[in-house]
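Data block below; observations after.
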Amino acid sequence: MDIIFGRNKKEQLEPLRARVTGRIPAWLQGTLLRNGPGMHTVGETRYNHWFDGLALLHSFTIGDGEVYYRSKYLRSDTYNANIEANRIVVSEFGTMAYPDPCKNIFSKAFSYLSHTIPDFTDNCLINIMKCGEDFYATTETNYIRKINPQTLETLEKVDYRKHVAVNLATSHPHYDDAGNVLNIGTSIVDKGKTKYVIFKIPATVSEGGKKGLSPLKHMEVFCSIASRALLSPSYYHSFGVTESYIVFLEQPFRMDILKMATAYIRGVSWASCLAFHREDKTYIHIIDQRTRKPVLTKFYTDPMVVFHHVNAYEEDGCLLFDIIAYEDSSLYQLFYLANLNKDFEENSRLTSVPALKRFAVPLRMDKNAEAGSNLIKLSSTTARALKEKEDQVYCQPELLYEGLELPRINYAHNGKRYRYVFAAEVQWSPIPTKGISMLSNRPFPCFSPSDAQIIKYDILTKSSLKWGEAHCWPAEPVFVPTPGAEDEDHGIILSAIVSTDPQKLPFLLVLDAKTFTELARASVDVEMHLDLHGLFIPGADWDAGKQAHSREERDRAAERRVAPRT
């Protein structure tokens, strides 16, 4: 597993032409822009957790049947400080660091107050957000970094706190048809009140006839929800939206603010202040977008941990939402670098299996319904909502599929009725299973998750199509619709593939989304990293993506220290 998780990756600053086999559709023009951790050791120091690694951006620029690849580390303040010191000096969620390696418990105390609510990292390694005409690398702190999507150059740093009071924010915002951005963050101890803040960023801003003004300066608070435990807010990674509602899960995977306030002086990571409380409930908050207020009915379900919402929509007076749920927080534990070793398959066996689950909540309460009765009358799901009191409902989900993560959909169906989920299949089991390689149409032995697959799951028929190849690890599959497409699955699936086989080059996979047959792959002789999330920019500047960096940018790059391979 060291080849996937343990090694620092080298940058590919100049665009490198990929070797294409098969045929890329002529209409596919644009750039697949991705983000993820690429450097886990600096000098003689090492991060504790894979999610702490320094952000490495990479892109595949596609046009005229050709593909060009490039990668570049995000030049965050965190990256620059670490590289200059030749060691980790900025703390990440799973790794506490100190600027002065000689600090002892007494000198730490002098810095205690400044770290009560910490100034978090700007190592934006999780996703890419589109805001107006601009693109930003994002993480789960209050910082985002503007980037050039063609050259991957790092531009200005943005602090959400200058515009809205949040200390943390998700890397999975939603976009409406006009391009407005909707996101949610946590405001920690704001005048003694910890709350979840839903905020909106306009797609465009025009004042006094002037255009091109920064939308970020015009973000507004859409709604706020008080945390049920003021000193222990919920962790969350995403949320759901429908055409009229917002779905937020307050789960019993919670941060202890008092422990976080003393983490620096105690020399422990902020991750140690996060705990799963299996005796608690998961609360389902439904916010009406028209009134900007939460629905008064209290919905809850069993304890679980959710990183990714899939989609949500309304049907016959009910709100349905699909999520990837875990029974506990063991997934986060699995990705400590100490566990990503030769015993990974054995360690993963102890990890909760991700399950695609569907919940349904009634948008209107039947006051005449008896206690214990099911308020969901839909024939499309077996999910139930059991009335307990006049204003309290217990929700039981429908299990749709076990063993998938990193879900994506045709985003044109976001918030609406939909049928297909595209995801990476993971079984967390060292027991051999049989997969089907759509390339050869023959079964091959698959030791999940070291030979993961891409899956297309049909919610309507409960059937699936899969693509897989021995020793391959697929990244999150991204759906790109065919121009003028009418069918939900009429398009292309793109996924960056890395391999545990050092003799196999990484490649960009191009699948027909309808049949899941391979159309092409674009192989590149580089040290590609396993990324997390990203997006496709249609019709991006093809020539700019092919061009090398300017002389000035090459000179700046030469002056910087590039991460060594370890």
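Placement of Cβ uses the backbone N, Cα and C atoms for every residue, glycine included.
TrEMBL entries are annotated by machine, without manual review.
For His172 (Fe cation binding site), the same-chain residues that are 6 or more apart in sequence and have a Cβ closer than 8 Å to its Cβ are Asn127, His237, Ser238, Phe239, His308, His309, His533. Residues or ranges marked as Fe cation binding site by TrEMBL: His172, His237, His308, His533.
TrEMBL lists 546-566 with the feature region 'Disordered'.
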Among His237, His308, His533 [binding-site residues], residue with fewest other Cβ within 10 Å:
His237
Additional residues around Fe cation, ordered along the sequence, whose Cβ is within 8 Å of the centroid of His172, His237, His308, His533:
Ile126, Asn127, Thr170, Ser171, Ser238, Phe307, His309
